[in-house]
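Participant: My questions will all concern the structure given below.
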Ligand SMILES: NC(=O)C1=CN([C@@H]2O[C@H](COP(=O)(O)OP(=O)(O)OC[C@H]3O[C@@H](n4cnc5c(N)ncnc54)[C@H](OP(=O)(O)O)[C@@H]3O)[C@@H](O)[C@H]2O)C=CC1
Ligand SMILES: CC[C@](O)(C(C)=O)C(=O)O
Ligand SMILES: [Mg+2]
Ligand SMILES: [Mg+2]
């Protein structure tokens, strides 16, 4: 069994005397900065002028440029998008990265794929929450937490593991469980999970189900409720009590259909394709393609994003959700705070 660290296993005293720079104030950045601050840590946000800068100030945080924040902090957490990290690191973080400091990531991508080569006199580790940043904040505020992985890449001080665990506790992850890994394992499993199961696998499954019903003449609104809206309710049961817990709540008819039809949808060929996806991740083929797509200014990314937002399931969903005020948009909340801060 892997060792799982919880709050009571972690002494975060040493982190209290350090200054933490959270670079970037997006999905993960806003959650880390606010959670650490709420836990009594000394936090500065480093971000360029603009939307995020205004938001961080409106949230009551000390905000500096990336360069200034990196200069003043002992611990520098890099939370700008993966594809932009190398440029931001080279131009604005590296100059302030002196001996004795810690360079931290929430995903091992750039270090593992050799895009960022840290100097040899700093600690390098990652603390990677296993959940979207907006939920890292939301669960923290509700008294809970999102589990996280940590990995030490370089331990110059001899305290890198202690600091990583203290950081994980600071963002609330040790309320749920913190697990040790390596940069390689975190990077490859995170990419695999989001591509094959959590994001790519899921959206393709939902769309295929929706399209199958609509093409067979069923109402799109009904197909939306059946294939997307209800998914949360089913996943909530799995989150609470595992697959058998979910099956406890569904009808025996549904459970029999689950047993006999599920494996017809996800069969050995699907698993073989999952293995291909994993191979592309392990060999660096996926990373190379993603970095190239960004160098070209994201032509394919933008085209697919536009096409996806115009899919019938999205149009129907927007209409149906507007009639369910209890289904709150996390995105809307963020925008409202920014605009009210500017007014
Ligand atoms: N999203 C998630 O839930 C998860 C993310 N991670 C990892 O966390 C890291 C951050 O990802 P995520 O939170 O999604 O990132 P976001 O896309 O949400 O980050 C956007 C933030 O980065 C800032 N930014 C972008 N470019 C620059 C720049 N050139 N200079 C300064 N600031 C800049 C943006 O500022 P502006 O408003 O000015 O554009 C904004 O504050 C990644 O390594 C990711 O893999 C790990 C676990 C989950
Ligand atoms: C599942 C997507 C993720 O890996 C995450 C929220 O954990 C990401 O990179 O955003
Ligand atoms: Mg992830
Ligand atoms: Mg990820």
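Just so it is clear, glycine is given a Cβ too, placed from its N, Cα and C backbone atoms.
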Participant: To which of 131, 133, 143 does TrEMBL also attribute binding of NADP(+) at the site defined by 25, 26, 27, 28, 48, 52?
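Facilitator: TrEMBL lists 25, 26, 27, 28, 48, 52 binding NADP(+), and from 131, 133, 143 it also lists 133.
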Participant: Using the alpha carbons only, what distance in Å do you get between residue 251 (substrate binding site) and residue 133 (NADP(+) binding site) once rounded?
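Facilitator: Each residue's Cα considered, residue 251 (substrate binding site) and residue 133 (NADP(+) binding site) end up 34 Å apart.
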Participant: Specify the nearest of the recorded positions 25, 28, 48, 107, 226 to residue 190 (Mg(2+) 1 binding site), where nearness means the distance between Cα atoms.
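Facilitator: Result: the closest of the recorded positions to residue 190 (Mg(2+) 1 binding site) is 107.
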Participant: For ligand 4, list the binding-site residues among 28, 48, 190, 194, 226, 251 whose CB atom is within a distance below 6 Å of it, in sequence order.
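Facilitator: With ligand 4 as the reference and 6 Å as the Cβ limit, the list reads 190, 194.
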Participant: Near residue 48 (NADP(+) binding site), how many other Cβ atoms are within 10 Å of its Cβ?
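Facilitator: For residue 48 (NADP(+) binding site), the 10 Å Cβ neighbour count is 15.
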Participant: 226, 230: which of these binding-site residues has the highest Cβ count within 10 Å of its own Cβ?
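Facilitator: By the 10 Å Cβ neighbour count, 226 comes out on top.
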